[in-house]
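S.K.: Have a look at the structure that comes next, please.
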Amino acid sequence: MSQATLTPSSAPVPAPAERQYQRHDKPLWRRTLLRTESAIILAIVLLLVIATFTVPFFAQPYTYQTMILNSAPVLLMLLPVTLIIITGDIDLSVGSVLGFSSAIFGLAFQAGIPIGVAAVLGVLAGGLVGVLNGVLVTIVGLPSLAVTIGTLALFRGIAVGLLGTTSVTDFPTDITRAMTAPLGGLPVPVVTLAIVVLALLFGALLHFTPFGRGVFAIGQSPENAAFSGVRVNRTRLILFVMSSLVAGATGVYFTLQYSNAIGTNGFGFELQVVTAIVLGGVSIWGGRGTILGALAGGVLIAALNKTLQLAGIGSDTISIVTGAALIFSVVVASVAGFISRRRRSKATAVVAVGT
Amino acid sequence: MRFTTSGFSRKKLAVATATLAATALLLTGCAGGSGTAPSTDGAAAGGGGDTSVTFIPKSLGNKYFEASDKGAAEAADELGMTFKEEGPTATGSADQVPFIQTAIQTGQKSIAIAANDPTAVCNDLEQARSQGVKVVAYDTDTDCRDVFVNQATVDGIAEGLVKLTADHLGEEGGTIAILSGGANAANLNAWVDAIQALIKKDHPNITVAKVAYGDDVDEKAYQEAQGLMQSIPDLKAIIAPDTVSVKEAAHYLADTPEYQGKVWVTGLGLPSEMAEYVESGIVEEFGLWNPEDLGYLASYAADALIAGTITGEEGDTFEAGKLGEYTVGEGGEIVLGPMFVFNKENVGDFSF
C-alpha cells in the first residue's frame with residue numbers, strides 16, 4: 001500500500017511515468033539475486049546437491065523423470081492460478097475441473113468419438129466451468145473464494161456422478177506411453193516441454209504486457225485500476241477462463257498419463273497448487289508475485305517430496321515438512337515486509353520534512 | 001511490486017536469508033533421517049542374494065491394512081526379508097505412484113500393493129517389473145502384477161455364509177432375507193447372486209423371501225433391518241454380506257428384544273464393530289477373511305517369486321509358513337482360503 005502512495009501517478013499512465021520505475025537504488029545483481037524467487041531457486045539447487053550426496057539412489061535420471069511426472073499437473077495448473085491470486089482473487093476449483101474434464105474426455109472417448117476430438121471436448125468442458133466461475137465472480141459480483149469453493153464441490157460431484165463407480169481405462173497404449181516418455185535424450189518427460197512453454201507464455205503475459213500490468217494493478221486496488229483504465233472485470237473473467245482451460249487440458253493429460261478417466265482424478269490438487277504459489281512468494285492478498293517464483297515454489301515442493309520419499313521418510317512427515325516450509329516462508333515474508341515498511345515510512349517522513 | 005525502489009534489498013535479503021535458513025533446517029532434517037535409511041537400503045541393493053519387500057497399502061492409518069501389514073511383517077521376519085511399509089495418506093488414483101517409484105529406485109526386490117486404482121499404478125508397476133522387481137497384488141487385483149493374493153472368491157464367501165446359516169437352521173430350514181449394501185455395488189451383487197444360487201441348489205428347505213439394500217448408510221441399513229423383521233413374520237435369519245448392514249442388523253436386534261432368539265443374524269463384518277454384539281450374544285458367528293493371514297501370504301508369495309519357486313504360472317506351488325502349501329490358480333491368483341469365521345472366542349483378538 002505504501003508503495004502505491006509513494007508513486008501515486010505511476011500505475012495508470014504507462015508512458016510518461018515509466019522513467020520513474022527505472023530509478024533503482026541498488027545495482028542490477030543485487031536486484032536479481034536478492035529476491036524471493038532467487039532464494040527459492042537457490043534452495044532447490046542446494047536441496048538437489050545435498051540430496052545427490054546424502055540420499056542413496058538419488059543421483060540418477062529416473063529421479064528427475066519421476067519428480068516432474070508426479071508434479072506436472074500441479075506445475076501446469078499453478079501458472080494461470082498465479083495470475084488470479086495476483087489480482088487478489090483465488091481459484092480453488094482447479095482440482096475439480098481436472099476431474100470434470102477427465103470424466104468428459106473419458107465418456108466422449110468411450111462413446112466412440114476420436115481421441116483427439118474427445119480431448120478437445122475435455123478441455124472445452126473445463127473452459128465452460130471457467131466461464132461459470134468468471135461470470136459469478138464478475139457479473140454477479142460474488143467473492144471468488146465462495147464461488148470456487150462452490151464449483152469445487154459442484155464439479156467434483158458432477159464428475160463422480162457422470163462416471164459413477166466405473167472408469168474409462170482403454171486408451172491406446174501408444175498415446176499413454178508417449179505421455180510419460182522422456183523428452184529426446186533428456187532425463188525429463190515430454191510434459192516438461194508443455195510446462196516450459198506455458199510458463200513462458202504466462203510469464204510474458206504477466207510481466208511484459210499491459211494486460212499483465214492490469215493484473216498487478218487490480219491486485220493493488222481494483223478501484224484505482226478501474227479509474228486508470230484497466231478493464232477489471234474483463235481481466236478477471238479472462239483469467240478464470242484461462243485457469244479452467246489449463247486445468248481442463250491438465251485433466252486430459254492426467255487421464256492419459258495414468259490411462260484412467262475417473263471422477264476422483266485431481267482430488268485435492270487445488271491446495272497443492274495454492275501451496276506452491278504462496279511458497280513461491282506470491283502474496284495471497286494480491287498485487288505481488290512472479291510466475292518464476294510460483295513455478296519455483298512448485299518445483300521446490302516436488303524436489304522435497306522426492307528427496308524425503310527416497311530417504312524413506314513417511315508421507316505424514318512429508319506433509320509436516322511441506323506445511324512447515326510454507327508457514328515459515330509466509331511468516332518470514334510478512335515479517336520482512338513489516339520491517340521494510342517501518343524503515344520506509346521513516347525514510348518517507350525524513351524526505352517529507354526535508355522538502 | 002517489481003518497481004519498488006526503497007527498502008528493496010533489505011526485505012529481499014531478509015527473505016533470502018530466512019529461506020536459506022529454512023532449507024538448511026530441512027536439509028539437516030533430511031540428512032538425519034536418511035542416516036538410518038541407507039544402511040538397510042544399501043544392504044538390500046548391494047547384498048545381491050538379500051530379499052526385500054515393500055508393502056504399499058491403500059492408505060496408512062487404515063486398521064484393516066494395519067492388520068494385513070502386521071501379518072506381512074511377521075512373515076517377512078520368518079523369511080529373513082527386509083520389510084518396509086510405505087503408503088499414501090490419501091486414496092487418490094495416483095497417490096501410490098511415488099511409493100512404487102521409490103521402491104524401484106531403492107532396489108527393492110519385490111512390491112506388494114493393494115491398489116486404490118488398478119489402472120493408474122500400472123505404468124509404474126510395469127516399469128518395476130521390467131527392472132526385475134516382483135509385483136504381488138493383494139486385496140485388490142491389478143493388470144500388471146506377477147500374482148494376485150485374493151482374500152476371498154465369490155463362491156468362497158457365498159459358501160461360507162450359506163454354511164453358517166444352514167448349520168444354524170438345521171434340518172427344518174425356513175425363511176431368510178438378505179440385507180446387502182449398495183444396490184449397484186458389483187462385488188456385493190456377485191455375492192448375493194452366488195448366495196441365492198447356492199441356496200437354491202443345495203438347500204431347498206431354505207427360502208430367500210427378500211433382498212433389501214442398506215446403501216452403506218447406517219441409518220438406512222437399520223431401517224431396512226427393521227422392515228425385514230416386521231414384514232416377514234416367519235423370518236428366521238438375515239444374511240448381510242456387507243459390513244454396514246450386518247452391524248446395523250445386529251444393532252436393531254440389540255434394540256428390539258422381541259426378535260432376539262427368533263431372528264438370527266450373520267454376514268461379513270469387522271471384528272471391531274461386531275465385538276459388542278458377539279460378546280453380548282446377539283450375534284453368534286459372522287465371517288470375513290483374516291487380513292493378517294492375507295498379508296502373511298502376500299509376503300510368502302513375494303519371497304517365492306524372488307526365489308523363482310513360482311513365476312505366476314498356474315499350478316506353481318509354494319510353502320507359506322504356518323498357512324501351509326498354496327497353489328497358484330488360473331490367471332496367477334492365489335486364494336487365501338475359506339472364509340474366516342469370527343465368534344465369541346476370537347473376536348476380541350482383532351483390532352480392525
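We number each residue from 1, going along the chain as drawn.
Even glycines carry a Cβ here, placed using N, Cα and C.
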S.K.: Between A:1-20, A:221-240, A:281-300, which stretch does TrEMBL give the note region 'Disordered'?
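M.R.: Region 'Disordered', as annotated by TrEMBL, spans A:1-20.
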S.K.: Would the transmembrane segment (A:318-339) count as touching the transmembrane segment (A:39-58), if touching means at least three Cβ pairs under 8 Å and pairs must be 6 or more apart in sequence?
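M.R.: These two stretches do not touch.
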S.K.: Any residues 6+ beyond the ends of the transmembrane segment (A:292-312) with a Cβ under 8 Å from its own?
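M.R.: Same-chain residues near the transmembrane segment (A:292-312) but 6 or more away: 35-37, 40-41, 43-44, 47-48, 51, 55-58, 63, 66-68, 70-71, 74-75, 78-79, 82, 195, 199, 203, 272, 275-282, 318, 321-322, 325.
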